[in-house]
Amino acid sequence: MRYADPSANRDLLGNRTLLFIFICAFALVTLLQQILYGRNYIKRYFEFYEGPFEYNSTRCLELRHEILEVKVLSMVKQSELFDRWKSLQMCKWAMNISEANQFKSTLSRCCNAPAFLFTTQKNTPLGTKLKYEVDTSGIYHINQEIFRMFPKDMPYYRSQFKKCAVVGNGGILKNSRCGREINSADFVFRCNLPPISEKYTMDVGVKTDVVTVNPSIITERFHKLEKWRRPFYRVLQVYENASVLLPAFYNTRNTDVSIRVKYVLDDFESPQAVYYFHPQYLVNVSRYWLSLGVRAKRISTGLILVTAALELCEEVHLFGFWAFPMNPSGLYITHHYYDNVKPRPGFHAMPSEIFNFLHLHSRGILRVHTGTCSCC
């Protein structure tokens, strides 16, 4: 019979106790470091909240820095970006005039919306051989008939409007109650004939000054306006006197159907103006955002309108711009506020566009609204 040394059991028990104490101490130190220094600043969510913090407070400077230090979207997990953005909502937003003016000066040099957003008789004279944006080998000869459709000059000038709202169609708008705030803007841009019926007005408003129309909508929903002219006209009437904006010279397929829009409105004696994006403006805007990391086959119409608004308006507010399946609180949302139809994969770079908007918000250049509104 072997003799069992009781001291060996005591040594083993002692070693286990020391190991357990070490693990607990390590866990406690790690937890304290996370609370005191961690990126999420857990104490923010539990301290007594007395309302929005001032824009230039130390807390808000730190929160904005947390967004701006993320140079590319792939640097952080999506949930981490959401946490940082959600924390920043504790801060009042204010326009940084020097940052905004510097950014607008850059846009003026590269793109110049007040002179080239639309084709006009001034920037596209009679006889011009106009190059398409995408079909660069294609040329459209500006004849007398088309020339008469163009306005003599741009109808808008630099910083003409004090406060503008650019309204995207994202599901983030659903239940936002932002309609009154959107309607309170001096000028409102909307994308691609979105529904603004009574069912949606509390969230998206009704005021519209410019609405874009993608020619693919005309082709698919209105049979290229070869027969369905009155239904198309009735849809446009919803936007009252809003100007209609089309990419007629994006590619050769867009031109005829875009020109038909002008004919339809003339036939029904509509007061609505019809404008066409200048293809060189679209090229310049795409190049500019490519330099900031937006790599896509085509930038979105929303991004084009935001770019133009930054030159035409003193203060720009974005609504309905969000490119993720969840809102900042982690709740799943539909792709659009009116349906859940997904976009063609790989065509736009929406997450990259939204990421740039969050940066511009943090720099005080524009304001991105992703929560509920409490206007007026």
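Counting starts with 1 at the first residue shown.
The backbone N, Cα and C atoms fix where each Cβ goes, and this holds for glycine too.
Source: prediction; values computed, not measured.
Per Swiss-Prot, the features are as follows:
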TOPO_DOM  1-17  topological domain 'Cytoplasmic'
CARBOHYD  ASN56  N-linked glycosylation site
CARBOHYD  ASN96  N-linked glycosylation site
DISULFID  CYS164-CYS313  disulfide bond
DISULFID  CYS178-CYS373  disulfide bond
BINDING   ASN192, ASN214, PRO215, SER216, SER300, THR301, GLY302  substrate binding site
CARBOHYD  ASN241  N-linked glycosylation site
CARBOHYD  ASN284  N-linked glycosylation site
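Sparsest Cβ environment among the binding-site residues PRO215, GLY302 (other Cβ atoms counted within 10 Å): PRO215. The recorded positions shown are ASN96, CYS178, ASN241, CYS313; of these, the one with its CA atom nearest the CA of ASN192 (substrate binding site) is ASN241. Comparing the recorded positions ASN214, ASN284, SER300 by how many other C-beta atoms lie within 10 angstroms of each C-beta, the top residue is SER300. Taking the disulfide-bonded residues CYS178, CYS313, CYS373 in turn, the residue surrounded by the fewest other Cβ atoms inside 10 Å of its Cβ turns out to be CYS373.
All protein chains considered, the CB of ASN192 (substrate binding site) has 16 other CB atoms within 10 Å.
Annotation for ASN96 (N-linked glycosylation site): spatial neighbours ARG363, GLY364, ILE365, criterion Cβ-Cβ under 8 Å with sequence separation of six or more.
Recorded residues SER216 (substrate binding site) and ASN241 (N-linked glycosylation site) have their alpha carbons 23 Å apart, per Cα-Cα distance. The topological domain 'Cytoplasmic' (1-17) scores a mean pLDDT of 50 in the predicted structure. The recorded positions shown are ASN56, CYS164, ASN241; of these, the one with its CA atom nearest the CA of THR301 (substrate binding site) is CYS164. According to DSSP, SER216 (substrate binding site) sits within a helical segment.
Neighbour counts of Cβ atoms within 10 Å were compared for the recorded positions ASN56, SER216, ASN241, THR301, and the top value is held by THR301. In sequence order, ALA185, ASP186, PHE187, VAL188, PHE189, ALA309, LEU312, CYS313, GLU315, VAL316, HIS317 make up the list of same-chain residues 6 or more apart from CYS164 (disulfide bond) whose Cβ falls under 8 Å from its Cβ.
The two recorded residues, ASN214 (substrate binding site) and ASN241 (N-linked glycosylation site), have Cα atoms 19 Å apart. Site extent for substrate: among the recorded binding residues ASN192, ASN214, PRO215, SER216, SER300, THR301, GLY302, the largest C-alpha separation is 16 Å.
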